[in-house]
Amino acid sequence: MTFAVGIFDLFSFAVPGAVQLSLLVYVLDRLGVLHVAALTSAPGALLVAGAVVASYLLGHLFHPLAAQLERLRPRRDAEEARQEFVAAVPQARDRAYVQANPVLLVAAAELHDKDAAGEIVRMRAQSVMLRNIAFAFTLAAVVALVQTATGPHRVVAAVAAALSLLGGVGALGSGRKVWHMARIKTLEICYWIPDIDQTFAADAPAEG
């Protein structure tokens, strides 16, 4: 039996999960529940495998909570991507596919050229990864603030809290930007798909 992790899972869950796992291990070590030094005595391969699985699971568990950050700073509207694309490619202004649902456009791109659509998937995965990492930075800031109040190393903890907050805000903003660029990339790829306008024009409701 083989175990494969796709690029979306790797970026969206495993990488943010690794950050969350590091934070969890630190908290447990500070509470005396877990001793990091004792982990080093475990076989290296087992330790790495356990860390990978734990990171992936934590990434999945915290994903719904991380998604709530978009209520604080929602993604840019799809219409903004359309307007930016049409401004750069005026000849696409009256094409039917430009007004189509972005999710359907990604599916159309995958059906037409899976390799080209892989760039869209990668960008969307990076966006989700950055948003989920922003949530991990938020948790790190909370932990650092608690340590600032309780000690020791309060100055270091205060600096860590500030850096974590800045990192969280930056990651969330970068995630929004990458998602926006993914929408533009989708429109660019779909521009070259034959008969795509006929497909979406047939689905559009008749005027009148």
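Cβ coordinates come from backbone N, Cα and C, glycine included.
These figures come from a predicted structure and were not determined experimentally.
Residues or ranges marked as transmembrane segment in TrEMBL: 7-28, 34-58, 129-149, 155-175.
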### Message
Taking contact to mean 3 or more CB pairs closer than 8 A (sequence separation of 6 or more), are the transmembrane segment (7-28) and the transmembrane segment (155-175) in contact?
### Response
no
### Query
What residues in the same chain, six or more past the boundaries of the transmembrane segment (155-175), come closer than 8 Å to it by Cβ-Cβ distance?
69, 72-73, 126-131, 133-135, 137-138, 140-141, 144-145, 147-148
#### Entry: Residues of the parent chain within Cβ reach of the transmembrane segment (34-58), under 8 Å, 6 or more residues beyond its termini
5, 9, 13-15, 17-18, 20-21, 24-25, 28
